[in-house]
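**Q** Take a look at this one; I'll ask things after.
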Amino acid sequence: MSVTTKTIALHGGLLVLLFALQFVLPAYHHGNLARIMVLASYAVGYNILFGYTGLLSLGHALFFAAGMYGMSLTIQHLGFSAAPALLAGIAAGVVVSMALALLALRTAGVAFMIVTLMFAQAGYLTILYFGEYTRGDEGFVIQQAQRMLWGIDLSQPTNRYFAALSLFATCLLASLWLIRHPFGKTLVAIRENEERVRMLGYNTFAHKLGAMVISGTISAAAGASYGLLFGYAGASFASVQYSIFPLLWVLLGGAGTVLGPFIGTLFMFYLIDLSSGITTAYMLIAGVVLVLLTLFAPQGLTGELRARIWRWLP
Amino acid sequence: MMLLSTRGLSKHFDGLQAVQDVDFDLPIGQVRALIGPNGAGKTTLVGMICGRIEPSEGRVFFDEVDITALPAHKRIMLGMAYTFQITSVFSRLPAAENVALAARRRLHGDKVDTAVKEALDQVGLLERMDQEAGDLSYGHQRLLEIAMGLVQKPRLLILDEPTQGLADSEITDFKNLIRELAGDTTILLIEHNMNVVMETADQVTVLNFGEVLAEGTPDEIHANAAVQAAYLGTG
């Protein structure tokens, strides 16, 4: 079997499995998986910048929130219906990630982390400042009537599951396509040795800019969908915690692997879910497991799988 | 016609004058060796030519067009290729992908594959194309660097100490490779191995303390008293 066939079989297989699970999962896990797929889409976006381009951003909550508020504010205050609001959220992601990229990419390494973190904090504070419109920390509910996309009620669990799956499938396949495309391969080369890429005649700034806009836009699409599917927008989604989450998911799942973001999100979600069923000190269990993983699987779950068994894994 | 010229090119790092007022001309098709003792400013000079280092003063001309203000990647697109002194391959990527990255700047689709195989074959690494570059021996990594330069089909190929760390047999192959390229490609070669210089270069420029000390054919340079003094000391 060629690498392309195996790649299609594996990733297609996962999507088919997720499709089939919809019919057998109990309601609780069914809801969880819908949420995981949306959050994994966010992680897929993060992975393009962190895993493939090698730029560690601590400010992705800004993009997630840009999507969420671009969607919800236009519904709430401008009376948009779901489809144009979703587009407004994605457009907000494009604009915000482009603006932040132009500023932050003047720096590198630790400075890049700090600049992205600071701008994301500024974004969070801006949401709180304009509490009159955003309702700040408290947030606001997006009514069922406002969550009709092309006549489909997204508050209904089955529809929500399929919407989440569509989003995740789009993001996963886009990321798979990207890294097999020359542009994506150049991003990987920038991660490995930026100076060398520059001396091969590539405009590395333009490539990093492109990576950050793609990454920010996918994150915004996830943010907008999250608000629309679960009917709520609040400032906590713009807080630093939501910048750290995708980093954690991607690290656990395997940075620079296409499946890693999903595996990491799934693992982390159920780790917290299961350990909180055992004890109230569930973060302690989660913490220990995370330490063990970092010690024994430093490349993340999918990364280790690639290093040990499936060398061809994209 | 000159492919590459510099006028009054200088670089100082704070107090240190690394390169001073260098006027340098390289005609199309020539193989030029750039030699000089350690710290003579060879890599700094070449760095200013290909845009890695910003000059303190002076100008660089490529094809008689002033390129002093152009960033490195645009100079490369004009037809320069630069291979690094310290091996700088993408060690976690396969050898073929290293070369393909260089090839994709001017080729697309299936042509990339063909060009990659051709370049790897030229340096004798074809059968190692699927190996990760970091797993190759040091000498093979040097050859991979050269293949990355070759595949760009540059008009000016700048090789910074290409034979460092190569085995004798590999050096012989390298000399043959340069002879094959000579004529089609203009080559600027920084080299310590005098044997390689004598056998491959049309002209030699000697740099000492950041200044051009002498210029001439390999035989003239070999016989030049000032050059001998610079290398061996006047004792």
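Don't overthink the numbers, they just go from 1 along the chain as shown.
Backbone N, Cα and C atoms are what each Cβ position is placed from, and that goes for glycine too.
Pulled these features from TrEMBL for this protein:
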- A:7-28: transmembrane segment (TRANSMEM)
- A:48-70: transmembrane segment (TRANSMEM)
- A:82-104: transmembrane segment (TRANSMEM)
- A:110-130: transmembrane segment (TRANSMEM)
- A:161-179: transmembrane segment (TRANSMEM)
- A:209-235: transmembrane segment (TRANSMEM)
- A:247-272: transmembrane segment (TRANSMEM)
- A:278-298: transmembrane segment (TRANSMEM)
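Structural setting of the listed features?
**A** For the transmembrane segment (A:7-28), the residues of the chain that approach it from at least six positions outside its boundaries are 1, 37, 157-158, 161-162, 165, 168-169, 172-173, 176, 258-259, 262, 312-314, judged by C-beta separation under 8 angstroms.
Residues 55-62, 65-66, 69, 96, 100, 103-104, 136-137, 235, 238-240, 243 of the same chain sit 6 or more residues outside the transmembrane segment (A:110-130) yet have a Cβ under 8 Å from a Cβ within it.
Packing against the transmembrane segment (A:278-298) from elsewhere in the chain are residues 248, 251-252, 268, 271-272, 304: each is 6 or more residues past its ends and has a CB under 8 Å from a CB in it.
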**Q** Please report, as numbers and ranges, the same-chain residues at least 6 past the borders of the transmembrane segment (A:82-104) whose CB is under 8 Å from any CB of it.
**A** 57, 59, 62-63, 66-72, 74-75, 112, 115-116, 119, 123, 146-150, 154, 208-209, 212-213, 215-221, 223-225, 227-228
**Q** What same-chain residues lie close to the transmembrane segment (A:247-272): Cβ under 8 Å, and 6 or more beyond its ends?
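**A** For the transmembrane segment (A:247-272), the sequence-distant neighbours (Cβ-Cβ under 8 Å, at least 6 residues beyond its ends) are 10-11, 14, 32, 35-37, 39-40, 43-44, 46-47, 50-52, 56, 58, 60, 168, 172, 175-176, 179, 188, 191, 282-283, 285-286, 289-290, 293-294, 299-306, 313-314.
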**Q** Sort out the residues at least 6 away from either end of the transmembrane segment (A:209-235), same chain, that have Cβ-Cβ distances under 8 Å to it, and list them.
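**A** 34-35, 38-39, 41-42, 44-46, 48-49, 52-53, 55, 57, 60, 63-73, 82, 85-86, 89-90, 92-94, 96-98, 100-102, 104-105, 124, 127-128, 134-144, 147, 149, 154-155, 160, 163-164, 167, 171, 174-175, 178, 183, 187, 246.
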